[in-house]
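Features reported for this protein in Swiss-Prot:
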REGION    62-81  region 'Disordered'
TOPO_DOM  1-122  topological domain 'Cytoplasmic'
TOPO_DOM  142-146  topological domain 'Extracellular'
TOPO_DOM  168-198  topological domain 'Cytoplasmic'
TOPO_DOM  220-230  topological domain 'Extracellular'
TOPO_DOM  252-293  topological domain 'Cytoplasmic'
TRANSMEM  123-141  transmembrane segment
TRANSMEM  147-167  transmembrane segment
TRANSMEM  199-219  transmembrane segment
TRANSMEM  231-251  transmembrane segment
Amino acid sequence: MPRSHDPSRVELLRKEGGLTEKRVSISVEDIRGAVANWKNSGGAGDPITPYPLPQFFLQPPSTAGGGSRNGVGSKEGSVTSLRMPLKKAGDDVDLGHRGELDLSEKYNYDLSRAQLKASSRTSALLAGFAMVCLVELQYDQSTPKPLLIVLGVVTSLLVSVHLLALMMSTCILPYMEATGCTQDSPHIKLKFYIDLSWLFSTCIGLLLFLVEIGVIFYVKFTAVGYPTAGYITTAMLVPVGVVFVVFSYLIHKNRVSHSLGRFKHKVDTMKQFLDVEANLQKSTLAPSTIRDI
């Protein structure tokens, strides 16, 4: 293949003597001759051409490396563009995988968090109500002293139980929300305190609240000289307390039975799946054993 010769281009190159970059024209014959000379010389010594051969490097269209926008890339940019960007000293440290919980453990995490939130709200409301009742009630000289002692004891127990539940919920809940649904969550080892907070807030605290209402009725109606109204209101609160206990038992029983039923259904489904798989394996092994015989 002959070398292309353009007289006008040659004259233009001669006039541009101030160019710092040397321009060359390379043909296929030059490259073949250079390769032949290099093979004859044994591949060692000085460079085979008096001029540098052009080198081209592929660079993928990625901004992760050091590539330029004009499409002309360097070897260094093409290599670094395929790598992950390096983190600087000021970047945040990647903590990696912290151990995500499975579905059953995630359910326990969500349940514990919901229990703590409900306990904190209920305990704060009822404890504040009991303190307001104790302060705002007006006591007379005619109020029986044993009734005042009962009121003070019930109010102290009510506030103490709800404050304990509030303290446990406010101490555990922030750490649960900070760690998230991972194995670092404290609800796994602090399950006893979560259940205790739920028991204080919903069961014992609500029963003491009903007793508190009955004692307040006695104090108010005795102050006006009409204790019969206190007897009537207390008689109305007794069936309410019984219904409260019965409903709590029924709800707990139905919840446990539902959980056990779901567990039994999952076990039966898994057993059927394993039986079907075992039957399929037997059916595939039977013809081979017959052929061997």
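Note: Cβ is positioned from N, Cα and C throughout, glycine not excepted.
Outside the topological domain 'Extracellular' (220-230), and at least 6 residues removed from its termini, the chain residues within Cβ reach (under 8 Å) are 137-140, 142-144, 147. Same-chain neighbours of the topological domain 'Extracellular' (142-146): 219, 222-223, 225, counting only residues six or more beyond its ends whose CB sits under 8 Å from a CB of the stretch.
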